[in-house]
Amino acid sequence: MKELIKTIQKAVLEISKELKNPDTSYSSSENATGDKQLKLDVKADLLITEILSKCPDIKALISEEKDEALILNENAKFIIAYDPLDGSSLLDVNFSVGSIFAIYENEAKAKNLKAAAYSIYGPRLEFVLCAEKVELFRLDKEAKFSLVKELKMSEKGKINASGGTQKEWSKTHADFIKALFDEGYRLRYSGAMVSDVHQILCKGGGLFSYPATKSSPNGKLRAFFEVFPLAFVIEKAGGLSTNGFNESLLELEFSEIHATTPCFFGSKYEIEKLKQAYKVLNG
Ligand code: AHM
Ligand code: MG
């Protein structure tokens, strides 16, 4: 696992270099979920594939930018599911984006998650790693990732990061989000889930939500390489996750590698309140 994490960090470092002088134009292709791919989405996917392919412990790679799983070594133990550049539609405005990695053992299933990690390409390069605890690393002057601190969620936060087109929300969801703002929560939403969740984690709490909408009844965010790894991180930091109705997003099972789900991550207070609202208003 140590070698594997080092290899992931190497890939992250290479992507961060690529982002210094980027070509932010679109390629001529779409990914499996129908998103138009930027040249940088494709490049970041390629860099991760090239670098991770050299690690003998990896059985397969599952990427947001690949239609199918890429089998590397049938006898190896780990399956890595990743989003090479989460929030890439914000590259043109120079907002922070990141790469997300889920490390599954034997089979890609939330219950088989052994670790999760993500990077934040912001003013600094940061790397969050979670196996048992959640640790924040930062690239230092010697170009090494050094440990900054352990990250923990508090019981209740102040941030409300609410995704999805509002006119497509259910009344249940709209009423719940309004209730949080009425309580004094502040809107903090950039449009890069990894950066929005990172803000909540670093500030100690709050809620990130991406609900079911009229046009996307199963939500927008993808289970294996966006939702499961970030739910794993938030839960290990002491927070909670749900799809609105279950006890944890990590209970969910999907067979399709690009499956999506409504998702909510946050501190205990906000997630319990959300589950209550969804239960009461949906009967
Ligand atoms: P991406 O992986 O193609 O960047 O798409 C995922 C992103 C998430 O980071 C973010 O939460 C969401 O899409 C934003 O969508 P919206 O613009 O509908 O709020
Ligand atoms: Mg993404």
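A Cβ is built for glycine as well, from the same backbone N, Cα and C atoms used for every other residue.
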Study note, to complete from the structure: Listed by TrEMBL with ASP83, ASP86 as binding Mg(2+) 2, from among GLU226, GLU235, GLU247, GLU251, is GLU226
Practice item. Could you look at GLU64, GLU65, GLU105 and say which one TrEMBL places alongside ASP83, LEU85 in the Mg(2+) 1 site? Key: GLU64
**Study point:** Candidate with the highest Cβ count within 10 Å, taken from the binding-site residues SER88, SER89
**Key:** SER88
Check your understanding: GLU226 (Mg(2+) 2 binding site): which of the binding-site residues GLU64, ASP83, GLY87, TYR189 is the nearest Cα neighbour?
Key -> ASP83
Check your understanding: Just the number: how many Å between the Cα atoms of TYR189 (substrate binding site) and GLU64 (Mg(2+) 1 binding site)?
Key -> 22
